[in-house]
Amino acid sequence: MVDVETDATHPEPMVNEDEPLLSNLDLFLFSLIAGLVIYWFMSRKKPEPIPEFKKLDTPTATSTRETSFIEKMKKTGKNIIVFYGSQTGTAEEFANRLSKDAQRYGMKGMAADPEEYDMAELSRLSEIENSLAIFCMATYGEGDPTDNAQDFYDWLQENDEEDLSGVNFTVFGLGNKTYEHYNAMGTYVDKRLEELGATRIFDLGMGDDDSNLEDDFVSWREQFWPAVCEHFGVEALGDDSSIRQYELKEHTDLNMNKVYTGEIGRIKSFENQKPPFDSKNPFLATVTVNRKLNKAGGRHLMHLELDITGSKIRYESGDHVAVFPTNDTALVTKLGQILDVDLDTVISLNNLDEESNKKHPFPCPTSYRTALTHYLDITHPPRTNVLYELAQYASDPQDQENMRKMASSSAEGKALYQSWVLDACRNILAILEDMPSLRPPMDHLCELLPRLQARYYSIASSSKIHPNSIHICAVVVEYETKTGRLHNGVATNWLKNKMVDNSHKSTVPMYIRKSQFRLPFKSTNPVVMVGPGTGIAPFVGFIQERGWLKEQGKEVGETVMFFGCRHKNEDFIYQEELEEAEKKEVLTKLHVAFSRDQEQKVYVQHLLRNNKEDIWRLVHSQNAHIYICGDAKNMAKDVQVAFYEIAEELGGLTRTQATDYIKKLMTKGRYSQDVWS
């Protein structure tokens, strides 16, 4: 601001004409400005070099990934594309089987991950003669798309103007009837594609994992291909021989630094860890605690703590931790012995289709031992296509016939597969032991076995209290099969053996999967939690978080817990923590059902009915949020019925109205389930 008064009372000094026009200070300033201008002009002519980032060496990536599936199909002469939305690998497996089937009808198919392609190109499929898009879509969680199908789902929802006329399609959905939103994703894709003008050439298939998913798929597939033949005017070639997808290459002089030793994505990623960590780049977390939770009884319930210090991994209460287990080394050794193979042979299985995005069925090069330990599922009963392809290697004609029969859609074949494979829980090793004439080459077996999948656990901690630690609560799976063999769950037995030892660090490859299972945004909202057994896991985190909020001086609504176990003196897990939370009034009320401590069995749903007035007051008058975690097949259904009955009795509703009432709570995010079957 100009000081007017000062300017008025202080006249400017007269210029002395004997002084030079530019003083030394002026010359200095002029030189400085000129120098800066020249420097700026010179420096701007040298653009900053763009740093080159070396591509991650992932085992299934191509050097230049094609995002246009239309161009790829044209270039490779394919006319059938099978997209898969897969969380645990089954939908991907089915997609690969359908794409291989195409060859038997004089057509050429390719399986495709929608996440890798521009799905907006779907309308261009009509440019390819006799083309067909098949969608194998699994439903995940509460009617959600799988991770890799999320973008495709969003695209379908947002593009009302899309014109898919001329596009032929069919859908096979993978779901589980024990869940509320059975096959929601398959149903939605089927309906939405028709709305956008596409032509359905065969009815929507629905696979039920609670019953027999394989049977559902085989029955649908048996009717699907004749419909394709009729639609396109083609005939089966009658060639039922095995079609290999990969060829074996054995390595004898390979640098061992270039051999995969169990890494999921980038080679040496377990030695040189780089964030961000996800399903293709898991973090190796150190196990700091591994303790047995139950005091007695025949089962083993455990609490593990994984150290994530320095990983930059963030999680919220209610999220899931995914872990990558390994198979039992004894099973792997037996497989090598029975097939007379040196398991330390280093191999690559290379895709015969050079244009395929999937160069190998698992990270290659690697040894047979690593593939069978880290990458392949050797404990689940094999699907019928595996039996069909392996049948040719049985030297006994009766074994060959039985294997092919089990892979057929005949009633006799289905019954044989159900009893001899599924009901008897025969894995591939048991089949080889019980069928001495069957001795397939190890490389073909490795090509056919599905990938070993990550296992998901509800996180049993709050990041507000444990920012550098993730807690897992699980029960070890072990039982005797009908053939007298002991079946050990892969992941839980692997976790059980992760001992905490100062001389040796036990590590677990893991990443976080975000969930919608969240505490209310307003801490003043009451919460009602129902979680018997290991279903208590997320609620341990919820209780920790509500306690932390209280300590911060926040107002916290009523927090009610319904827990259940068999016996108070055996498997009342987290008893001390729960009773301490109740003592500190973090838990307003703790209700525990000990199902076998009295003659009449008592479960959590019975305790809900016993406390119906309190429940109805919290839900109907105080905007409470309800959370259910645990078994989907029985518990979650029985609990839901208990809520219907409470709404009927205390709300004066009919059963239909009560059902609608609970459905509305679900829609509003006030009735959430984290359940499994």
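The backbone N, Cα and C atoms fix where each Cβ goes, glycine too.
Heads up, TrEMBL stuff is auto-annotated, nobody curated it.
As the structure is a computational prediction, the values presented were derived from the model and not from experiment.
What TrEMBL lists as transmembrane segment is 21-42. Taken from TrEMBL, the feature domain 'Flavodoxin-like' covers 80-225. Residues annotated as FMN binding site in TrEMBL: 86-91, 138-141, 174-183, Asp209. Sequence annotations record features per position, and here TrEMBL assigns domain 'FAD-binding FR-type' to 280-520. If you look up TrEMBL, you'll see Arg299, Thr534, Ser595, Arg596, Lys601, Val602, Tyr603, Val604, Gln605, Asp638 marked as NADP(+) binding site. Positions annotated as FAD binding site by TrEMBL: Arg455, Tyr456, Tyr457, Ser458, Cys473, Ala474, Val475, Tyr479, Gly489, Val490, Ala491, Thr492, Trp676.
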Checklist entry - Going by C-alpha distance, which of the binding-site residues Ser86, Ala138, Gly141, Lys601, Gln605 is nearest to Cys473 (FAD binding site)? => result Gly141
Item to check | Using Cα positions only, nearest of the binding-site residues to Trp676 (FAD binding site) (Gly89, Asn176, Tyr182, Arg299) | outcome: Asn176
Next on the checklist: Please give me the binding-site residues out of Ser86, Gly89, Tyr179, Arg455 that lie within 10 Å of Ser595 (NADP(+) binding site), comparing Cα atoms only.
Outcome noted: none
Checklist outcome for this item: Least crowded of the binding-site residues Ser86, Asn176, Ser595, Gln605, counting other Cβ atoms within 10 Å of each Cβ, is Ser595
Item to check | Fewest-neighbour residue among binding-site residues, criterion Cβ within 10 Å, set Arg455, Lys601 | outcome: Lys601
Checklist outcome for this item: Counting across all protein chains, other CB atoms within 10 angstroms of the CB of Ala491 (FAD binding site) number 21
Checklist outcome for this item: Gly89 (FMN binding site) sits from Val475 (FAD binding site) (Cα to Cα, rounded, in Å) at a distance of 24
Item to check | Tertiary neighbours of Tyr603 (NADP(+) binding site) (same chain, Cβ under 8 Å, six or more apart) | outcome: Pro532, Gly564, Ala593, Ser595, Met635, Asp638
Checklist entry - Nearest to Gly89 (FMN binding site) in three-dimensional space, by Cα, is which of the binding-site residues Arg299, Arg455, Gln605? => result Arg455
Next on the checklist: So if I draw a 10 Å sphere around the Cβ of Tyr179 (FMN binding site), how many other Cβ atoms end up inside it?
Outcome noted: 23
Checklist outcome for this item: CA pair Gly489 (FAD binding site) / Ser86 (FMN binding site), Å rounded to integer, equals 22
Checklist outcome for this item: Cα of Tyr179 (FMN binding site) to Cα of Tyr457 (FAD binding site), in Å and rounded, measures 18
Checklist entry - Say you check the Cα of Ala491 (FAD binding site) against those of the binding-site residues Ala138, Gly141, Tyr182, Arg299, Lys601; which is nearest? => result Arg299
Next on the checklist: How many Å separate the two farthest-apart Cα atoms among the FAD-binding residues Arg455, Tyr456, Tyr457, Ser458, Cys473, Ala474, Val475, Tyr479, Gly489, Val490, Ala491, Thr492, Trp676?
Outcome noted: 23
